[in-house]
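Here is the structure we will look at.
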Amino acid sequence: LKDFSNEVRATRDVQKFLKKTVLLLDLEKTNMDEIIDEIVNKMLKSESTKNSSLEQTKSAIFTHDFGMLHFSFHQMSRTLQSTSISEGGGFDYDQNWVLTMCSVPSVQTRHVGIARLSSPANLGNTAQEVYFVIVILTPTKEKGTKNELEIGRTFATLFADSNLRLRLLNANTEAEFNQVLEQQTHELSLRQRQTDEKIPVFDDEDEGKLKCGFLKGLRADLKRRLPHYWSDYKDGVVGPRTIQKTISTTFFLYFACVLPCIAFGVLNAYNTHNILTVEKVLYAQTFGGLVFAVFGGTPQIVLLTTAPLALYTKIIYSICEDFDINFQAMFTCVGLWNSFFLIIYSFFDLSILMQFSTRSSEEIFALFISIAFAVDAFKNTALSKSSLFFYIIYHTLILDFEDNYYTPACSGVSDVINNTVGMVTNTSANSSDTATDVCGRDISMLYLFLLLGTLWVGVVLFNFTKTPYLNSAKRELLADYSLPVSVVIMSFFGAYVFREVNMGKAFDATRQTGIFQLIDLSSLSVGAIFGAMGLGFCLSLLFFMDQNISAALVNAPQNKMKKGTAYHWDLLVISLVNGLHSIICFPWVHAALPHSPLHVRALADVEERVDQGHIYSIIVRVRETRLTAIFSHILIGCSLFFMQVLAYIPTPVLYGLFLYVAVTSLYGNQFFERVQLFFTEQAAYPPNHYIRRVPQRKMHTFTLIQLVQLLVLCGFGFAPYPYLKMFFPVLIFALIPIRHKLIPKLIDTKFLKAMDGH
């Protein structure tokens with residue numbers, strides 16, 4: 001790369017181009033010869049020997065024709081592209097641009113021409129999605145610092161910045177294009193004058209020592225994040241397509257939060273005999289989400305009441321029933337102890353322990369969250385963090401089909417249908433009416449249609465950017481709104497198109513009175529208070545791991561977040577929010593997976609790359625704003641005024657949303673990708689960095705070890721003993737020492753670094 005701070009020619013090369021601009025915007029060509037012809041013709045317009053220069057230039061840019069039979073082809077002889085170290089190692093080509101250069105005897109001065117194509121062109125193996133083509137022409141006898149290679153390095157250094165390419169794609173005029181290029185030159189010069197500084201995740205990580213102080217981490221978090229506070233609001237409205245992204249992400253967050261709130265509210269109401277209701281969950285979500293969006297250090301983290309919290313709520317209720325304890329008082333006491341321990345963790349900088357958390361631990365936990373509710377669904381409870389997918393299949397297909405499809409009445413109807421017409425005629429009216437009243441096969445089939453329809457519409461729209469339909473802007477718009485569009489469409493089908501099929505309401509929308517009363521703890525004995533302390537400690541471990549792992553996934557290097565982290569401060573805000581929830585017996589909330597990483601992706605501009613036929617997306621930049629979380633939770637608060645309408649959202653649509661979130665969260669999960677390799681033909685393995693750098697046996701061994709850990713966690717959650725499930729947060733925490741103490745004895749460190757690094 002060119003050093004713009006020390007090499008004078010770098011800035012001068014750009015200035016020369018700006019003074020004598022040769023720029024083709026939105027060139028509607030995809031053939032390499034035609035693109036080069038357009039650029040070269042415009043560059044050589046002022047040359048006196050244009051015709052001879054044109055022929056010599058083409059001869060110099062392209063290799064001699066070669067081929068076989070009646071087919072011949074040529075390629076560019078000298079090109080520049082940038083490569084970068086890909087995630088975990090190896091090299092990636094920037095395939096969105098290519099620079100070709102040559103020296104021509106008849107050319108009298110240096111020329112630089114740039115073409116921005118209206119649609120990407122495939123120009124070869126390492127340039128399969130080219131938007132920018134840069135051509136450099138120089139005289140043959142030219143000074144060493146001014147030859148085609150040095151000028152080429154100047155522009156190649158600029159175009160190696162994916163953020164610049166994105167801004168140039170959004171430029172509408174030649175003046176705007178030049179302004180962006182000039183601004184980037186100035187910024188790059190200033191940036192290269194400073195030493196490269198890595199944004200620290202933890203303040204002591206550069207020292208390589210584990211140091212926990214008192215309030216040191218909180219002070220550092222505030223020092224790191226406060227200077228960016230106002231930009232957190234500005235970044236939600238300033239920039240190309242930013243307002244569109246803010247609006248689409250707001251609606252995505254609204255539907256991604258309000259529907260789980262309804263589902264978990266129904267679950268909590270069932271588990272606690274209507275003490276924790278849908279209304280309370282919506283109030284808790286609105287208050288907690290707004291407080292964290294305004295005061296949190298990482299506003300991209302999404303708070304939600306989740307399956308693990310439903311587990312703990314059910315455990316506390318079971319204990320209260322067994323020992324005749326007031327549930328509301330016990331729930332409040334456990335929540336206050338949880339907040340107390342979280343405050344201690346944040347004050348004494350214990351989040352620094354998460355520097356030992358690796359990608360494998362985080363992805364096991366993320367997959368564990370995506371796999372929720374299976375075994376306990378068979379027990380008609382929701383105590384376990386098992387498989388969300390199987391829970392949905394079981395509840396919507398098996399249970400519903402057992403209630404409505406495989407019933408004695410339906411069997412009677414089948415027998416009648418299979419009999420002769422005469423026997424049908426003789427069937428009594430009473431038996432026919434009875435069968436009609438009980439048999440509900442139409443309900444079961446509609447359940448299946450709405451469930452899979454919500455998933456199918458959502459995933460198709462989510463992947464719509466990969467289709468050739470419409471144009472790129474409309475494809476991206478549909479992908480941004482994939483979740484709300486799928487929910488609205490399938491809710492319309494369920495509630496209106498098939499309104500004659502009575503599936504009932506999703507929940508009781510009756511508003512409660514006096515739900516903001518403080519809970520009296522005087523009924524608790526000393527033993528109950530200390531028992532609540534034990535429950536609160538285990539719950540605090542769950543909050544600690546969930547919050548920090550969510551923050552780590554949000555701030556992962558591949559997301560290119562620039563404003564720094566705030567692990568300790570976020571933990572403190574979470575503790576205060578849940579402390580307030582506890583004193584009025586509202587459901588707890590914590591960082592949600594996979595909602596938090598999906599929130600980041602919804603705010604991101606992505607760039608697609610092709611490598612040996614495999615398409616994958618790279619995040620270019622993320623709009624780090626608070627506005628999406630604030631607006632979406634205001635909408636959730638407004639939902640309290642039309643709960644009667646929300647109650648008409650069909651239950652299978654709620655479960656379809658869970659399926660959508662579970663499926664889309666698997667994108668980018670390397671653990672899941674490596675599991676798929678067990679069933680993939682070796683010739684079709686993608687060219688990932690770990691496949692290039694790690695022996696196949698070692699790679700599969702590591703994947704099997706991760707699978708064993710995941711199965712142990714699921715098995716522990718499936719245990720038939722409710723009190724045993726209180727300790728699964730300890731197992732989650734145990735993933736870290738297992739990774740650092742046991743696994744290195746089986747797999748070499750260099751291989752682990754390739755597979756388990758961010």
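Backbone N, Cα and C define each Cβ position, glycine as well.
Those TrEMBL annotations? Automatic predictions, nothing curated.
Summarising the annotation, TrEMBL assigns domain 'PTS EIIA type-2' to 16-184.
Positions annotated as transmembrane segment by TrEMBL: 251-270 (among others).
Sequence-distant contacts of the transmembrane segment (290-313), counting only residues of its own chain at least 6 positions beyond either end whose CB sits under 8 Å from a CB of the stretch, comprise 221, 225, 232, 253, 256-257, 260-261, 264, 267-268, 271-272, 276, 281, 284, 331, 334, 369, 372-373, 382-385, 388, 535, 539, 542, 546-547, 550-551, 554-555, 561, 565-567, 569-570, 573-574, 576-577, 587-592, 595-596, 599-600, 603, 622, 624-626, 629-630, 633-634, 637, 717, 725-726. The transmembrane segment feature in TrEMBL is assigned to 290-313 (among others).
Long-range contacts of the transmembrane segment (325-348) within the same chain, counting only residues at least 6 positions beyond its ends with a Cβ under 8 Å from a Cβ of the stretch, are 212-215, 217-218, 272, 275, 312-313, 316-317, 319, 519-521, 523-524, 528-529, 532-533, 535-537, 539-540, 543-544, 568-569, 571-572, 574-576, 578-579, 581-583, 585, 588. Summarising the annotation, TrEMBL assigns transmembrane segment to 325-348 (among others).
Annotation comment: TrEMBL describes 446-465 (among others) as transmembrane segment.
Distant neighbours of the transmembrane segment (477-498): 244-245, 248-249, 251-252, 254-256, 259, 446, 449-450, 453-455, 457-465, 470, 602, 648-650, 652-653, 656-657, 660; these residues of the same chain sit at least 6 beyond its ends, with a Cβ under 8 Å from one of its Cβ atoms. The transmembrane segment feature in TrEMBL is assigned to 477-498 (among others).
According to TrEMBL, the transmembrane segment annotation covers 518-545 (among others).
Per TrEMBL, the feature transmembrane segment maps to 565-589 (among others). Remote same-chain residues near the transmembrane segment (565-589) are listed as 199, 201-202, 217-218, 220-222, 224-225, 264-265, 268, 275-276, 280-281, 283-285, 287-289, 291-292, 295-298, 301, 303-305, 309, 313, 328, 331-332, 334-336, 338-340, 342-343, 345-347, 349, 351-352, 354, 515-519, 543-544, 547-548, 551, 555 (criterion: CB distance under 8 Å, separation of at least six residues from the stretch ends).
The transmembrane segment annotation in TrEMBL covers 701-720 (among others).
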